[in-house]
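For B:40-65, B:85-105, B:117-148, B:168-192, B:225-244, B:264-284, B:305-327, B:347-366, B:378-401, B:421-447, the entry in TrEMBL reads transmembrane segment.
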Amino acid sequence: MAVKKFVVGVFTDEAVLFPAIGKVRSAGYKIHEVYTPMPIHGMDHALGLRDTSLHTAGFIYGITGTTTALTGIGWVFNIDWPVNIGGKSHFDLAAWIPITFELTVLFSAVGMFLTFLFLNQMAPFVRKHHFNLRSTDDQFTMVIELTEKSNAEEIKAFLTNVGAVGINLQEAETGWWIGRYDTDKTPLKHKGELLA
Amino acid sequence: MQAPLRYESQVRTALVEGQKDYHQVTEDIVRPVEAAPSRLWWIGFIISVCCLLFGVWSVTEQVIYGVGQWNLHRTIGWGWDITNFVWWVGIGHAGTLISAILLLFRQGWRTGVNRAAEAMTIFAVMCAGQFPIWHMGRVWLCFFIMPYPNTRGPVWPNFNSPLLWDVFAISTYFTVSVLFWYSGLIPDIATVRDRAKVKWRKLMYGVLSFGWTGSTKHWQRHESLSLVLAGLSTPLVLSVHTIVSMDFATSVIPGWHTTIFPPYFVAGAIFSGFAMVQTLLLVSRKVLKLEGYITLEHIEVMNKVIVLTGSIVGIAYLTELFISWYGQNKFEGWAFAQNRVNIFSPYGWSYYLMMGCNVLSPQIFWFRKMRRNLTVTFFMSVIVNIGMWFERFVIIVTSIYRDYLPSSWAMYYAPSIWEVGFYIGTFGLFFTCYFLFSKFFPVIAIAEIKHILKKSGESYKEKMGPLEQMPVEEFAHEYAHAH
């Protein structure tokens with residue numbers, strides 16, 4: 001949650017973007033984010049991001065569902081209200097498999113989806129700063145954070161060198177805020193103002 | 001020259017036809033969303049809404065006067081409603097197969113059709129759910145099927161009953177399908193949002209996009225979510241129709257006394273689902289001008305699935321017929337020999353109609369020319385769905401109209417106007433939803449098409465041609481420094 005300054009480099013080809021990421025990183029610049037219109041395999045590793053543990057969360061939600069189903073049905077049929085159904089056992093595990101399976105899947109899917117939204121800070125009426133509107137269309141946008149040590153002009157020249165086709169300087173709120181996309185009421189006074 | 005990031009052999013047909021780049025893909029797919037609906041769209045939409053309203057009227061009659069408005073009676077307690085329920089659930093299965101199972105198998109062609117197929121799944125399951133709910137009669141008490149602590153004992157539902165398994169299976173299937181579909185839609189909604197010029201469009205797609213930015217970390221999580229949801233949906237979709245088949249197979253009614261039902265129902269579900277996908281996509285690609293994305297190749301591949309699953313269904317029909325004789329259960333044997341195979345029995349015709357539509361007619365797709373013929377495909381997709389409807393009719397009605405006690409045999413069952421109206425109403429619901437979906441959302445997954453564009457797009461594959469002809473030494477010399 002802070003307003004920072006960024007140099008934004010726009011690329012039109014992922015084959016140019018990939019080597020550029022390596023060069024920018026080895027030159028020691030701090031890549032804030034790379035925005036792409038589609039998933040690009042290997043990009044997360046190129047950026048040095050660690051693997052997501054969303055699937056681990058999914059597994060935990062899943063076994064929670066399994067446990068809920070088994071303990072729930074077991075409690076109902078054995079403790080709360082044991083009913084004689086055709087003389088069958090009160091602890092009829094085989095007959096509980098379908099519901100146990102369904103609840104496992106349900107808990108895992110819903111839990112993962114909500115965790116996905118939470119981690120990505122996504123919800124209806126959530127707004128974020130968009131550095132380049134065409135990064136959901138056909139452009140790849142690399143955003144480099146300006147620190148006290150770095151020089152904007154130097155980064156710009158570097159980005160041109162590695163193949164960026166459009167470069168600009170933006171001041172942006174890094175977090176999210178409650179807002180709508182049809183109005184421009186943002187917590188930042190000169191939001192997205194082109195400084196250069 | 002830069003080395004290509006991904007490469008696919010020329011032997012495989014291009015999945016995106018024409019000279020397209022990323023921007024062109026966005027333009028083509030978003031165009032129907034941004035343009036005003038065509039006259040054809042309005043006609044279709046109004047007809048669908050009329051059917052839906054007729055369905056609402058039919059259901060209202062039934063709620064006011066009771067299930068007696070339907071021509072069900074003590075012998076044939078399940079007729080059109082459960083036939084329609086199983087039929088609609090089955091149709092949903094193709095969507096999950098395309099989006100989940102083919103994702104796990106890394107089938108690139110799914111990207112052109114998965115969005116529409118998933119939408120179809122959701123709408124079909126919505127239609128299916130109507131039948132058991134309204135069949136309850138006192139529908140205002142429908143929450144009794146959910147297990148919750150209550151003041152009636154507490155009385156719990158029977159967790160050992162396939163009917164309750166169905167409640168869990170269908171509701172889980174619906175929920176997971178919606179999540180899978182929506183999580184895939186979010187990036188594409190963001191694409192529409194970022195192109196929006198009008199206020200309401202910015203607002204609506206802004207809200208629906210959940211603030212998606214397309215950052216690498218988000219895509220990484222998105223990929224993980226899609227993969228795990230696909231992994232969960234794969235056994236889920238198999239379980240749903242398995243459980244539906246257990247509604248029948250766990251009972252002791254002659255004709256349902258068969259352990260082959262689960263795989264046979266699942267194959268039948270995929271079979272009918274693909275037929276419905278064909279019906280919808282053949283119309284959608286034409287009306288929305290998306291022939292470059294839903295190509296003849298896609299149609300052909302789906303026809304291959306139809307002939308495969310149709311043949312599996314055929315083997316299942318013959319197997320259950322054989323077992324009814326081999327099993328030496330005389331009630332079961334009689335149900336097959338007299339109620340079904342005997343063409344002169346009251347419903348004998350429906351058995352042969354089913355055999356003809358589901359087993360014989362799809363065999364035409366062994367011929368490549370027929371698989372790539374749009375008229376034949378469209379005609380067959382309708383035939384298959386008629387056949388699959390009759391399969392459920394045969395299973396349900398021909399099994400229960402004559403059972404153990406000849407004095408309770410009921411020879412003729414014909415649906416009342418309100419039963420037919422209810423069925424028409426679900427068509428109305430299905431197509432109303434589909435029309436709205438095709439107007440307001442991209443019917444093709446934009447991000448996924450972009451993902452395969454440089455591998456399977458026609459213009460990019462052409463560029464690979466000279467590379468393939470190059471001698472190895474020259475290729476190595478040219479590309480040795482690329483990485």
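Placed from the backbone N, Cα and C atoms, the Cβ positions cover glycine too.
Here the listed stretches are B:40-65, B:117-148, B:168-192, B:225-244, B:305-327, and the one with the most C-beta pairs under 8 angstroms to the transmembrane segment (B:347-366) is B:305-327. By the Cβ criterion (under 8 Å, sequence separation of 6 or more), the transmembrane segment (B:85-105) is in contact with the transmembrane segment (B:117-148), since 3+ such pairs are found. The highest tally of CB pairs under 8 A with the transmembrane segment (B:40-65), across B:117-148, B:168-192, B:225-244, B:264-284, B:421-447, is held by B:421-447.
Sequence-distant contacts of the transmembrane segment (B:225-244), counting only residues of its own chain at least 6 positions beyond either end whose CB sits under 8 Å from a CB of the stretch, comprise 86, 89-90, 93, 96-97, 99-101, 103-104, 162, 165-166, 169-170, 172-173, 176-177, 179-180, 183-184, 262, 265-266, 268-269.
Residues of the same chain lying 6 or more positions beyond the ends of the transmembrane segment (B:117-148) and with a Cβ under 8 Å from any Cβ of it are 59, 62-63, 66-67, 81-82, 84-89, 91-96, 98-99, 156-157, 159, 164, 166-167, 170, 173-174, 177-178, 180-181, 184, 273, 276-277, 280, 422, 425-427, 429-430, 433-434, 437, 441, 443.
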